[in-house]
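Copied from TrEMBL, the annotated features are:
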- 15-24: compositional bias 'Polar residues' (COMPBIAS)
- 563-576: compositional bias 'Basic and acidic residues' (COMPBIAS)
- 103-533: domain 'Major facilitator superfamily (MFS) profile' (DOMAIN)
- 1-24: region 'Disordered' (REGION)
- 557-576: region 'Disordered' (REGION)
- 47-71: transmembrane segment (TRANSMEM)
- 156-175: transmembrane segment (TRANSMEM)
- 182-200: transmembrane segment (TRANSMEM)
- 212-232: transmembrane segment (TRANSMEM)
- 239-260: transmembrane segment (TRANSMEM)
- 266-287: transmembrane segment (TRANSMEM)
- 361-378: transmembrane segment (TRANSMEM)
- 390-411: transmembrane segment (TRANSMEM)
- 418-439: transmembrane segment (TRANSMEM)
- 445-467: transmembrane segment (TRANSMEM)
- 479-502: transmembrane segment (TRANSMEM)
- 508-528: transmembrane segment (TRANSMEM)
Amino acid sequence: MGGATNEGFEMDDPSQASKSNGAVNTKTEDFDQLLDKVGSIGSYQKIFLYAVLGPITALMPFFSLSSIFILSEPEHWCHVPGRNVTTMEEWKRLTIPMEKGADGKLEFSKCSMYGLNGTVVDCQNGWDYDKENYEFTIPSQFDWVCSKSHYTTTAFTTQTIGSVLGVIVFGYLADKIGRKRVFFLTALIDVVFRTASLFLAHSYNLYLASQFLNYLAYPLLFIAPTIIAAEISGKDYRGWIFGFSWMIWVVGMASLPLAAWLSRTWFTLGMLASGSCALIFLTYPFVPESPRWLLSMGRIEDAARIMEKIAEKNGTTFSFKPDEIENTLRYLHEKESLEKEKSARVGVWTLFSRPRLAKNTLMLGVSWSVNKLVYYGITLNASHILGNEFLIFFILAIIELPAGYFGGILVEKLGRRWTGVIFFFLCAISCFGSIGGLGGSERSFITITCIVIAKFSITLTFLVVYMQGAEIFPTNLRSTGSSFASLVATAVNTVGPYMIFIGKINASLPYAAMGIASLVGLVAAAFIPETMNRKLPETVDQANDFGKDDKFCGLRPADEDETLRRREGKDNRSYT
């Protein structure tokens, strides 16, 4: 879904190709060069980033993560009528049996009560719920507990399946009908079906259907505006766009538990999320279509209008002759058409056409999958950690800021590969260590501390796999390769809710599963070649040879110039 750029493509005689369309600037050989001339890091890009993309991104956690609170399962026990003046604690001692909980500690049964003759029976009159944190959640209002406790897990899984299909469906549409149209289409779908789910929660199947359609739209609702920002900006500014967006995401994520705490009811929080999404439509006049996409579709006049608007805002219009921008775009479109003919035979299957490239693709897919599974698992399990779930969620959110900062330093000092290996290992140790804090409030700080370290580590590895996805694939497969790895990770993540569900049987199992998964991620990360300070592969053959001469335990990649000298004369492949 990347922009229609033409880096690395050369024509035999570019000046001849432009004569037929009257281009007056044959020195502009790709879209980035034209963007530099109109202004690639100017007022237009900064206003869009800070005034449009920033507020939109801050709202995104409310769309994707509010279900963690809406579907939270409060402490509960059987409702037994007849209590008069005794306290609830005393009444529970008289009417509710004790049993061993998931953490191995004795607690009041959630699903059993004493019958008239003193025998233990299932709840006969519904449940009472602890209302310290919530007045109502969906599970407490509609009794999604005990024999229906899997309802919540299935709801989360349905959301994830919707996201997997959404990446495919709306990712395809974003390349066909445009980024802007898909962005506002997915916003409309989100508002409609998110709101519908609030009124259909009494019907489990209808709720699942509306949640599926809601989360079908979410991935591109999040991705599309970021793509637009990246495609109207220069390559030197794109790193800051993603970095700023990530920081704003953390701010929004850290604000979510406060909103949930103030809301008190699932319906209020749900309407807050729906209303926030509706605000997105206010940005319609200020969100441009990607000129790169317009260029790729041959809509030259539309692309020229946007580029002229960028030039006007950035104060660079004086640099262009009349119609120069439009004529240059026509020339670039002709180049792009020729390049498409050359790359028409390239697709996802090409990632597996060479052994080392296939290995790198698989290892990145595994590493990305583990990262997403553990990250989502830690976030989803926040409400099951002993303590204030709002405060714990806030801490797990805010810890991402130092993780990103230190990650940005380490990937340039230690390299991507060893940073990934070390922090997958630290995440695994922390997940296993968190088990030691289960079984009592006096030891809960052990679990909380270990989980915070695990969240720090897995956030840092996300930076690593994201960078590797942008660096190990050849130019014409770079977007395809990283998208494939991300899609595989999202599909694997459908087991995440069930990984948390087994914690109701034994609280240590989710942490053990995440620890084992992190070790798998460690092994996968170790087999991904180092990409720090490397010339990126341009062709499939170069990608297949990428890191071929690196030592497995080496801290630095093999010297590329020396490698090329050794290979000279053996084949005609070279890095350019």
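Heads up, the Cβ atoms here are built off N, Cα and C, so glycines get one too.
It is 47-71 that, among the stretches 47-71, 361-378, 390-411, 418-439, 445-467, forms the most Cβ pairs under 8 Å with the transmembrane segment (266-287).
Counting Cβ pairs under 8 Å to the transmembrane segment (47-71), the stretch among 182-200, 212-232, 239-260 with the most such contacts is 239-260.
Long-range contacts of the transmembrane segment (212-232) within the same chain, counting only residues at least 6 positions beyond its ends with a Cβ under 8 Å from a Cβ of the stretch, are 1-3, 35, 44-45, 48-49, 52-53, 56-57, 60, 63-64, 158-163, 165-167, 169-171, 173-174, 179-180, 182-183, 185-187, 189-190, 193-194, 197, 238, 241-242, 245, 277, 287-293, 306, 310, 490.
Here the transmembrane segment (390-411) has Cβ contacts under 8 Å with residues 68, 133, 243, 246-247, 250, 253-254, 256-258, 260-261, 378-379, 382-383, 419, 448, 451-452, 455-457, 459-460, 463-464, 467, 532 of the same chain, all six or more residues outside its ends. It is 361-378 that, among the stretches 156-175, 182-200, 239-260, 361-378, 508-528, forms the most Cβ pairs under 8 Å with the transmembrane segment (445-467). Using a cut-off of 8 Å between Cβ atoms, the transmembrane segment (508-528) and the transmembrane segment (239-260) share fewer than three residue pairs, counting only pairs 6 or more apart in sequence. Simply put, out of 156-175, 361-378, 418-439, 156-175 has the most Cβ pairs sitting under 8 Å from the transmembrane segment (182-200). With a cut-off of 8 Å between Cβ atoms, the residues of this chain six or more beyond the transmembrane segment (239-260) that come close are 49, 53-54, 57-62, 65-66, 69, 226, 229-230, 233, 269, 272, 389-391, 393-394, 397-398, 400-401, 404, 408.
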